[in-house]
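What follows is a set of notes on a single structure, which appears directly below.
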């Protein structure tokens, strides 16, 4: 089997041969593809043999350039270096263009392998030197038609750079940094036509550099630093026809300096010659026909200076001569001024060179041009034509000027504080410079505008006057108005062209050279009006400042609204929480509320028959604290435009929690309904009024249900009536408490929606466009149909603002009148306190204030203690067998009417809630307090804090209530009186501080120190109210614990004959006779 396998192997060899043959056949195709790679990137013309790679973004030489290419264009790419032999094989190449590539280096033998004469365009690159043997072809001398290295940064030229080159038609080395040239650079090279060495750093020409250039016809040496023209510089230039050596600091010319030439045109203008020797213009056969000497301050010329000029020679010389020399009659000698313009007829090749020398040329025929020197007010050197001096602080009083190398323009400066206006531009003399307009800094050069503006001034015209910057909100440091952080404006008014015009103008005014757009030098529109942002941090205003930019999370008018997925909380925008986080917060809040209600109800039930409880006392003081912080919360919100210290702003945000604004205690619906954009103030108004209606309806429903339930029970009519009366009182109490607590916030929402709650905003600086926005929510347009409807609703709702205090007053008055003899509304001291006075009645001191000891639990149980002062444990009821609490209501309702009144009078009712804090004659004072909460903020809510009279009226009201309370002393408890006085004083001080903060700021260290002291002082007085109540709560708790530890012993219920036995019913001592009657009555009722 193994041998058979070996025999079959040779049978597979033909397949391998065929595979090799296929590879050999495809190899030429692969090579052809490689050779034509350049044509995939560039444009190839196989008929004309042209490869055009201009502007293809090449970074290196393309591969596969066809060998028969005659014209290769590689201009305007990113080729930085050319390797040696890169063009090898291009034997037919005639023209090579490597201009505008950013070339930094050329390697020797770069042109190795190139056949024929080449036009080499390597201008406008970044070359620093021309290396050795650049055009060397081994064993072969060749010609170059054109060699252009102009517009580079060449500093060094190798002596053998042109080795192997036999002749060059044109050499251009202008606009480089060449300071010197090797003397033998052109030793073996013949330049047939033009040599351009202009715009370099040459201070002289080596004596032997041009010695063998007998065929050179045109030499350009202008714009160098040559100071002396020596005869050796031009020896050997036997065919030189044109010499351009203008714009050099030439001060001296040798005798017979051009004697070895056949000069026809000599351009020696704009030099520094002051005198001319005897025979500087001698040439072979007196060939000079044009001599331009203008622009020199020549004062002395020898009489023999003209004798060597050609027949009918034209001479232009400045009018600075002290004496005109003798001259020939066939000469045309022109004494010209600074406005002289010379006209020349030249060929196309000469035209390209004259443009760089300060001439402007126009075509007059086929390959013929008429060139004139640049006029006054203009300068040459531009790619196409003479360029005018820009408007501003520039003029040019000479002709034929050329921009200096490395400079942007060639113009004289106007004197400081003067400029050439656009209508007089270009400036031709210094007389065209006029005084800069008002508002500009005349101590500085005008530059490219009508002088810079003085500090904190702006302009609307680059060449117009400057105006004082607005007092606040804008920065004018760059001569245009742009927003400062914390301020806002809008362009959403007028036409769109107004904003676009200002945007282009700002781009224009920020340019400090002549590249600005002349069509946007003036802004003819109106600027927006600046408005301070309610929350300064929300308006960031970055960039150029012409657009108001908001902090992330904020948007819309004054950056006062929240973006999607953000909600508003105390004028700030916060990211919407996760739904489960929000749910946990709601549950936690409800749990806290329920726990507090249970504790309060438990404490009230324990102390309903024993006088004023600790919770009750603290609750009374809490009403004072609540009223204080409700007012302060509204003040901090309404006066949000005032620059409160940050610490006080944070405290104010906490105060607003105590306003019990129901809508603000709920996270914005937009967190869960992204398309929900209903304004918050509308929600507050609807929620507040709905809550009022809901509370009243709920009370009516509860009362109705209770009444229906009692009708279905088997209790007696009297018991049902008593129980129904208790339900009625409870409903009254709940309604009064809830409306009392929410009254300030609901009233604020109503006042906010009234017409005075809208602010007028002018949108432009001409006060032509204006809008009305709601002060509490700037996204609401007060002129919209929707808001007008809410205006009407708010005006109708004023009935609630006035009606609630009025209704409570009338109800209190009626209740006190009907119970005049039962001390229902009295808080006056009485010997029979436990028998008939309302909750909170106790002994008073001589000043009429309740003693602090009234909160002592001992006084509540004093009648139940033994004669030896053994005390009952009031907190635990130790030793007292009280009735079941749930049975207490029925029991009390089953008591005889006289005894039941004594029991019911000690329960907390809506009447005692309103007047238990006050003396008998001031039973109405809680209504006054309710009105005070509204009146102290109504002016600021309706008219804003910007009006000083509004704040003055608010302060006057605050002082009036403070004086009234101090003089009348309506409260019976001394501690509560002091607490109320402290709260009223604090409100007055806060309003006084607000009035001070409205005054202009003083920018000095002492002012900052005083503000820091004011911050500390206001924080202390705003927090001392809470500290007072907290201290009272702690002290009361300590006393209660201490009293509880000294609990009373149980009452001995056994009695001797003749002694009255006291029984306890729900903690109340009842005599046997009363107890029996109660028991009999109860039995009868049950039966």
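Backbone N, Cα and C define each Cβ position, glycine as well.
Within the listed segments 914-938, 1014-1038, TrEMBL records transmembrane segment for the stretch 1014-1038. TrEMBL assigns the feature transmembrane segment to residues 614-632, out of the candidate ranges 557-575, 614-632, 633-651. According to TrEMBL, the feature transmembrane segment maps to residues 579-602, out of the candidate ranges 531-554, 579-602, 819-842. TrEMBL lists transmembrane segment at one of the ranges 491-514, 707-730, 731-754, 755-778, namely 731-754. Comparing 681-705, 731-754, 792-814, 980-999 for CB pairs under 8 angstroms to the transmembrane segment (949-968), the maximum falls on 980-999. Helix, strand and coil residue tallies for the domain 'LRRNT' (38-71), in that order: 4 helix, 7 strand, 23 coil [DSSP]. When pLDDT values are averaged over the domain 'LRRNT' (38-71), the model yields 89.
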